[in-house]
Structure formats: C-alpha cells, structure tokens
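As given in Swiss-Prot:
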BINDING   257-285  FAD binding site
C-alpha cells in the first residue's frame, strides 16, 4: 500500500488536534506517514502522540534552518519525499501556512491541489462545502500525488495505534532567494483555547457595537471554556484583533458548538464556520442570513440574551 503523507501541525512540543484528524483522513488513501519538520529535538515529544493517532511511519526532518525561513524548508522536504516515496497523496491542514505550502508543493511537483476539503474519500477525492454550505461537491485532483488541505475540525479523529517507525530525512539547503525570517513579534495571546482547535467558539460581529462591548462575548466564551472569534466587520471596525477573524479572509473553524452574537451572516463569514456541528445565532434582525444555517436562533438583543445565557451556564456549573 502506498503511503499518504501528513504534514504534522505542532506548537511548543505538543501536537495540534488537526494532526490526528489528518492522519485519520490519510488512512482512506494509504498508509499514514507523518512528516515532522522543525529544529533539532522537535520530533521527540511528538512521537507517542503520532503513534497513538495511527502513524505507521514518522519522517523526521530537523535542521537549525527549519525555523529561519518562511515555508521553503517544509516545501523542500515534502517535495523530496514526494519524489522518493511516490505517496498516494499529501495532506496538510487548511491553515494560512498549510494553504501556501500546499500551493507551492503542488506547483513544484506538477500535481493537482484541493483546498479546504471537509472530507476525503477513496481515489483522492475531496469533499467541499461551498456557497455558505448550500452545496456539497466532490472534486478530484490531477497528477500522481494530489495535494489536499483539510479544514480543521471537519474530520473526526479516530485513533488507531500505528508502528510509528522513525525515518530521518534531510532538510535541503534553502535557495539563495528564499525568504528569511529576520525578526519575530509576539502574537496577542490569552488563556483561551486556540481558535482553530476549540470545540466551542463564541463570535461577535458588528452588532456588538464597540471594542468594550466585546466583554459580553468574552464572558460567555469564558463560561463555556470557549475560544473567541470575530467577523470581518467587527475586526475592520476595530472591535477585536485581526488574528481572531473568522471567514473567507480569516480563519476557518469547525467546532462542536458555534455561537454567533450580532453577526448578520454574510456568505464570506459563513464560509469560515458553516461546517460547525451546532450553530446558535443571536441577532435582533429576524431576516439576518445567519438564521438560514443556524440550528437554534434567538431574535433579540444580544446584550440581554448573552448575559442571561452566561449567568445560566455559571449557575448550572455551580
């Protein structure tokens, strides 16, 4: 059976949830083979988790240069593996980096590319949710080694103990024109779950009205142990930082529960959250498009509904 390569997502020595989801998806296409790219020592704390997730093989590509260049080292490693092992497909997370890596890799190896799929089927067929979830379509990429980016949270991880055979591979020296990282600035952080990894997301839109009013959104999120998101309208209005934007030009999420407060539901926003398992919308406009995809909707003032919901959850939790 041919291998299906999976680019491992990790941070601070821990696997991201989407890595297990990708390994599960890869199982449909071939024997899951995880690819870890990073500085020396990166793979050590990840091996057990990758075995548990079902990785039959773990390619370890470690180099001091791995975190000194944007994207290039990862593309180089995957391209080399695609040439040497002739995998059935290469799977990546549909993050900003994942999409760029996928695009560059497909161009490099002359293969087709499927972006932001919500499921993977035999024959390297990708399932897409399009037009705000109105249509579900299938697509198949051309080429010997299709490159597929998978939406985080769309595939349910199904652990299956794998052999986890470790194979060291070289990180090719970056080209002279490769973009080098010269400085780093810390991102805005909080104690909430990562937006793309969270099982519950509470988002606010233009209807929240101001940056100060976003405390209502945060309070509800904290009562649920949820991540906080924002629509593009809220971000453009300066209500919340851009790194929390959800939608076509922001992040894509697929949590078990998505609560939309004061979000009208433009198709661009829906593109980033429409595959959420359960959607709850609160909006004073009963004609708001968000209600078209909501499982539960409340037509009302979010500043009355959200605090009551927060208080009710806290009371239930004791």
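Glycine is no exception: its Cβ is also placed from the backbone N, Cα and C atoms.
Known features from Swiss-Prot, placed on the structure.
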| residue | record | CB count, 10 Å |
| --- | --- | --- |
| 257 | FAD binding site | 17 |
| 261 | FAD binding site | 28 |
| 265 | FAD binding site | 24 |
| 269 | FAD binding site | 29 |
| 273 | FAD binding site | 29 |
| 277 | FAD binding site | 13 |
| 281 | FAD binding site | 25 |
| 285 | FAD binding site | 13 |
- Does DSSP give residue 281 (FAD binding site) helix, strand or coil? strand
